[in-house]
Amino acid sequence: MDDDGDGSSSPTDDSAAAGLLPLFSRSPAEDLEEKLRRAMEENARLTRALDAILAGHHAHQRALLAPSLSPPPPSATARAPSVSTSCAAREDAAPAVAAAAASTACPSRQQPPTAEPRPKVRTVRVRADAADATDANSMAETVKDGYQWRKYGQKVTRDNPYPRAYFRCAFAPSCPVKKKLQRCAEDRSMLVATYEGEHNHALSTQTTEFVASGCTTSQHAGGSSSSPLPCSISINSSGRTITLDLTNQAGSGSIASCGVEAAAVSGELVTVLSPELRRHLVEEVVQVLKNDAEFVEAVTNAVAARVVDQIPHIPVHL
């Protein structure tokens, strides 16, 4: 029996001797499953942590936006009428004290000072006989605009040897329009009338009939319509200067005179002219613009740019 006991061996020794794996070892597939399970648990834990962070962020955001979304307390709304009421009471009590209080207690009621508008200025040039007298009354009779004027001054300027006369509209006491009348220093036969401001009254019936009758009679007193009209035009940089010739025959001169009168009455040099004078003025303007090299160049560049813009763009493939 001893021999049998000594020669016997356990099953574990037999399996080890045979080179078999132990019973508790795992296969590679089981290792991968274990790693996947651990990764899923870590992912779930991180998801819960992220949800908690987002919940805290939303809570802080709602806490910050709550004051701006909530209505103002009743005390603040009740305080605003009291401030306006106190300002009104101060103004009723003492105007001087109210002005000082408004500058300190009510700054919102202050308004920035606005710049005063500059008076509108327009110039009319009338060609007259150079042999006429240079006194203000003669010049005023030459430039007829349909208004009544009162002379209030005269002086000689440094750049012109001829005196400049100052007139004020006498049609209405409150009319702010002023007129300056002076002979041109370069051309003695040219009278320059400068108007400042706009009339705040309407034309009288006599003045309206005077201007209308002048335009009507000029169309019939000018003789043949084929004769050249005694009108020349010159345009300055601002486009507010027109020159009319009044030195030729009476009939054609009345047409130009009518243009000056209507120009001064309208205040914008836009007149009710006869068709012949209007056509002649258009021809003069076209001639002046054609002789202006800068204007022609500007029009040429604008037309060229317009033509280039209309050409369709064709891509070039090299």
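Placed from the backbone N, Cα and C atoms, the Cβ positions cover glycine too.
Feature list (source: Swiss-Prot):
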{"type": "REGION", "residues": "1-27", "note": "region 'Disordered'"}
{"type": "COMPBIAS", "residues": "7-19", "note": "compositional bias 'Low complexity'"}
{"type": "COILED", "residues": "29-49", "note": "coiled coil"}
{"type": "REGION", "residues": "65-86", "note": "region 'Disordered'"}
{"type": "COMPBIAS", "residues": "76-86", "note": "compositional bias 'Low complexity'"}
{"type": "REGION", "residues": "100-136", "note": "region 'Disordered'"}
{"type": "DNA_BIND", "residues": "138-204", "note": "DNA-binding region"}
{"type": "BINDING", "residues": "GLY259, VAL260, GLU261, ALA262, ALA263, ALA264, VAL265, SER266", "note": "ATP binding site"}
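With DSSP states grouped into helix (H, G, I), strand (E, B) and coil, the DNA-binding region (138-204) comes out at 5 helix, 28 strand, 34 coil. Note on the DNA-binding region (138-204): mean pLDDT across this stretch is 83.
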